[in-house]
Amino acid sequence: MHPAHLLVPLGVCVSLLGAARIPPLPLSLVEFRILIKCANHNSRNVLDYADYGCYCGKGGSGTPVDELDRCCQAHDYCYDDAEKLPACNYRFSGPYWNPYSYKCNEGEVTCTDDNDECKAFICNCDRTAAICFAGAPYNDENFMITIKKKNICQ
């Protein structure tokens, strides 16, 4: 066999190994997106919140730029508190990986009673944030602000 023929199977194996390491989308973040859409009556694309201000999206630092960014900061802190709960401290049970039950009825978000302690806490974090988002004005200038103004969130 020609050595070049070994490159194809090797490439496939390396690709499969790489794909196996791609993490799935955290489950409760999917639900959080649904709660945002429910509370906001689908008025905004949920991706508009993915990189807004200093706290909306992954991570967060500095001073929130406005009321909506403060909603995201409070949500981040709520998730931090969830990770400290004994009921949420084992692998795949924290705020990002723990799916919970909820209801959405005409813009009203309710966390259902069948959630355990950890799921109930996470659901309430997301519910509170979704309601906060619905009441806070959205300033287009603050979308992707960390790219527009490099040092604003330090």
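Just so you know, glycine gets a Cβ as well, placed from its N, Cα and C.
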Further binder of Ca(2+) named by Swiss-Prot next to TYR55, GLY57, GLY59, taken from the candidates ASP48, ASP66, ASP76:
ASP76
Candidate in CYS54, CYS56, CYS118, CYS123 joined to CYS88 through a disulfide, as Swiss-Prot lists it:
CYS118
Where Swiss-Prot annotates a disulfide for CYS132, which of CYS54, CYS56, CYS71, CYS72 is the other cysteine?
CYS71
Recorded disulfide partner - CYS38, candidates CYS78, CYS104, CYS111, source Swiss-Prot:
CYS104
Per Swiss-Prot, cysteine bonded by disulfide to CYS153 (from CYS54, CYS56):
CYS54
Of the candidates CYS72, CYS78, CYS111, the one sharing a disulfide with CYS125 in Swiss-Prot:
CYS78
For the disulfide involving CYS72, grab the partner from CYS56, CYS111 as Swiss-Prot records it.
CYS56
As a test of the contact definition, list every same-chain residue at least 6 positions from CYS56 (disulfide bond) whose Cβ is closer than 8 Å to its Cβ.
TYR49, ALA50, LEU68, ASP69, CYS71, CYS72
List of residues, in chain order, with Cβ under 8 A from that of CYS104 (disulfide bond) and at least 6 apart:
ILE34, LEU35, CYS38, THR110
Output field, Ca(2+) shell: CB within 8 Å of site CB centroid, site TYR55, GLY57, GLY59, ASP76 dropped:
CYS54, CYS56, LYS58, GLY60, SER61, CYS72, GLN73
Quick one: which of these recorded positions, GLY57, HIS75, ASP76, have their CA within 10 A of CYS125 (disulfide bond)?
HIS75, ASP76
